[in-house]
Amino acid sequence: MGPDDGPGAAVAWRKVLWERQPYPDNYVDQRFLEELRRNEGLRQYRYWAVVREAGLVGQQLSCVAIFITLWLYMEQGLLSPGTLLLISLASSLLGYGLYQALASQAEPVLQPRTCWADLQSVTIFLSFIFGFSPVLKTLTESVSTDTVYAMSAVMLLAHLVSFPYTHTSPPGSLSLNAALFASVCLASRLPGALHTFTMLSCALMVFALWPCLLRRVKNGAPHHFAAVCVGVCAAGVGGLASRWPGGAVILALALATVILLCPWLLVQLQRHKDNIHGPWDEAEISEDLSHFLQ
Amino acid sequence: MGNRRRAAAFSHATQAVSGPTAETIKTAGRKHSICMVSDFFYPNMGGVESHIYLLSQCLIEKGHKVVVVTHAYGHRKGVRYLTNGLKVYYLPLQVMYNQSTTTTFFHSMPLLRCVFVRERITVVHSHSSFSAMAHDALFHAKTMGLNTVFTDHSLFGFADVSSVLTNKLLTVSLCDTNHIVCVSYTSKENTVLRAALDPEIVSVIPNAVEHGDFTPDPSQRNNDRITIVVISRLVYRKGIDLLSGIIPELCLKHPDLHFLIGGEGPKRLVLEEVREKYQLHDRVRLLGPLEHKDVRGVLVQGHIFLNTSLTEAFCMAIVEGASCGLQVVSTRVGGIPEVLPEDLITLCEPTVQSLCAGLETVIARQRSGSVSTPASVHARVRNLYTWRNVAERTEKVYDRVCGEEVLPLDRRLRRLRTHCGPVAGSIFAFVAVLDFLFLLFLQWWLPDRLMDLAADASGPFGLWRQEASESKSKAPSKRGGQ
């Protein structure tokens with residue numbers, strides 16, 4: 001019964017240990033690896049479907065670019081805070097209307113928030129930002145400008161990395177905090193307190209409210225989602241091009257990579273996937289066992 | 001690439017079995033000097049530890065010389081002797097994680113060389129893929145031109161990053177090892193795939209159970225109730241979450257059902273919560289950690305043995321349960337379906353529903369009295385897995401291995417390069433060269449001929465038994481000095 005113990009008998013080999021079989025221990029049967037399964041539950045990706053999903057990543061990148069563009073305009077005095085405030089008020093009212101309109105089509109919520117509650121939140125947020133903007137304006141005065149820029153860049157990068165792309169509402173706390181940290185840093189380099197206030201309310205709109213609206217669009221009007229993404233990307237590139245053409249080129253290249261090249265690579269590399277399963281895999285507990293403890 | 005290699009190995013595998021080679025015949029019956037190496041040994045407790053100990057004892061009984069090498073456990077360092085003169089080296093190596101040492105590929109070389117030379121080792125047998133020391137020993141033994149055997153005791157997945165890395169290391173470690181032993185056919189398939197091996201050099205030798213220690217005793221049972229026994233570490237991999245779903249489900253249906261749970265672990269909390277919530281304190285007893293000698297005392301109190309493991313290479317617990325005459329219910333995972341014949345075990349899918357259904361049929365059978373008696377179950381199981389049989393089959397592996405040549409350095413380097421991929425292969429080929437230079441340095445610094453040879457306690461020229469029989473008055477025998 002050791003290895004190479006002589007030719008096997010006529011008895012068929014069975015995959016059992018409890019029976020002494022007339023085969024050597026290192027016998028390899030025809031049925032060896034019979035239960036091996038390859039690429040189980042493999043999802044075949046289609047290129048344009050992946051591109052559509054990647055659009056979400058691209059538009060988030062563009063959102064950051066749009067925010068930086070606004071800041072550039074404000075910093076160079078090309079845009080007065082009053083104008084920007086008016087524009088953002090108009091667009092947030094428009095967005096809010098859209099949000100409510102899409103709510104009926106999207107998933108029904110048990111207890112919808114009333115407009116009154118929304119108004120209260122907005123008032124609280126705006127008055128706090130308005131009250132604190134002189135403080136925030138001088139917050140980083142003792143820090144050198146280079147440090148502030150570097151910190152903002154790192155934080156915006158952290159925002160992009162940690163953004164919960166798979167479920168975009170509400171924006172993940174880490175990504176939202178990183179983005180607000182970066183906007184406080186940038187806003188504190190602007191000339192006046194009103195500038196700071198405007199910049200921060202814009203930051204809230206771009207980083208907190210826009211992802212919520214975009215999710216509604218994605219769920220409620222999926223056909224328009226692609227168009228919205230393209231629009232945001234174009235706005236990002238175009239806006240940046242007006243102040244910093246080099247940056248716009250870099251952004252366009254990054255967007256092309258994320259939206260077009262990476263999905264292509266994913267689809268191409270998919271055929272090299274070789275995932276093996278078999279009886280040796282650890283079983284997964286698929287049931288929800290928590291109800292036994294509640 | 002791994003894909004292609006696997007396919008090649010597979011096609012090769014389906015060829016006819018080769019007959020006994022000339023070398024095997026020549027070496028059969030020879031007595032070997034075997035060095036068992038693993039990080040896991042007494043006083044640590046577990047499957048690998050008892051496997052090494054009991055296999056060594058049976059090999060000593062057959063006239064081979066066996067020494068065990070492991071790392072120091074607390075104050076237990078240096079040389080110790082166990083029953084029948086089994087010599088254990090507790091080497092002073094640093095423990096990193098889970099009782100496993102680190103590997104630098106070099107620092108263990110002087111000590112291991114010392115052991116191999118002094119004990120005149122011919123075969124190095126490493127155990128467990130989690131043990132860094134076992135892989136180190138394989139690496140150095142091949143550098144020193146010794147024959148190597150490796151026993152894999154566990155199953156491993158392919159999906160996550162950590163398994164990709166460990167599987168690569170296993171490929172490197174096993175590509176020039178003479179023979180590999182697995183404990184079940186499923187484990188063999190797993191190891192062949194993980195290390196991209198030729199299945200011809202992998203033998204399946206199951207674990208064994210000391211059936212004398214696990215005899216039934218129906219008088220210990222309380223026949224007014226039905227007792228389900230679970231003995232395992234209370235961890236996720238043993239499916240304790242499933243158990244926490246089974247307990248309330250069945251206890252509500254059967255008021256005479258009791259659970260007896262032995263073992264300790266992080267999932268104990270879950271079981272305690274379930275017991276608390278359903279007020280089952282009198283029916284679910286948690287015994288805490290059990291010593292090996294107490295296991296039988298718990299098993300014989302039960303009617304049904306339940307195993308809920310999610311993965312298992314060879315489940316010794318179910319054999320122990322059956323040996324004590326219990327009806328066994330288990331999940332159908334890993335090597336478990338191979339272990340017991342269909343009429344001694346009820347196999348279920350790893351879900352609460354399936355396990356409950358399986359347990360219900362066994363409970364119904366138990367009530368109607370249509371189950372076989374504990375004595376008859378024991379009689380069927382007792383000769384299935386014995387350590388003598390394991391030792392006999394392992395001996396044949398040693399005989400075969402001793403007839404094979406150990407790859408010389410140039411061919412070993414080529415094997416590493418062709419077998420482990422261009423990057424990892426080149427890196428480890430470089431390490432192998434360094435290891436060889438280090439060996440040359442050690443041989444110059446302390447030549448083999450200047451090393452004292454150890455007196456054999458066991459083996460063909462063993463002094464232990466001769467001395468013990470000649471001079472019983474001079475007991476307790478010679479100790480130390482080595």
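The backbone N, Cα and C atoms fix where each Cβ goes, and this holds for glycine too.
Record features (TrEMBL):
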TRANSMEM  A:56-74  transmembrane segment
TRANSMEM  A:81-99  transmembrane segment
TRANSMEM  A:119-136  transmembrane segment
TRANSMEM  A:148-166  transmembrane segment
TRANSMEM  A:193-213  transmembrane segment
TRANSMEM  A:225-242  transmembrane segment
TRANSMEM  A:248-267  transmembrane segment
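Taking residue pairs at least 6 apart in sequence, the transmembrane segment (A:119-136) and the transmembrane segment (A:193-213) share three or more C-beta contacts under 8 angstroms. Taking every recorded stretch in A:56-74, A:81-99, A:119-136, A:148-166 and counting its Cβ pairs under 8 Å to the transmembrane segment (A:248-267), the highest total belongs to A:56-74.
Taking residue pairs at least 6 apart in sequence, the transmembrane segment (A:56-74) and the transmembrane segment (A:148-166) share three or more C-beta contacts under 8 angstroms. Highlighted: of the candidate stretches A:81-99, A:119-136, A:225-242, A:225-242 has the greatest count of Cβ pairs under 8 Å to the transmembrane segment (A:56-74). Sequence-distant contacts of the transmembrane segment (A:225-242) (same chain, six or more residues past either end, CB-CB distance under 8 Å): 52, 55-56, 58-59, 61-66, 68-70, 214, 217-218, 248, 251-252, 255, 259.
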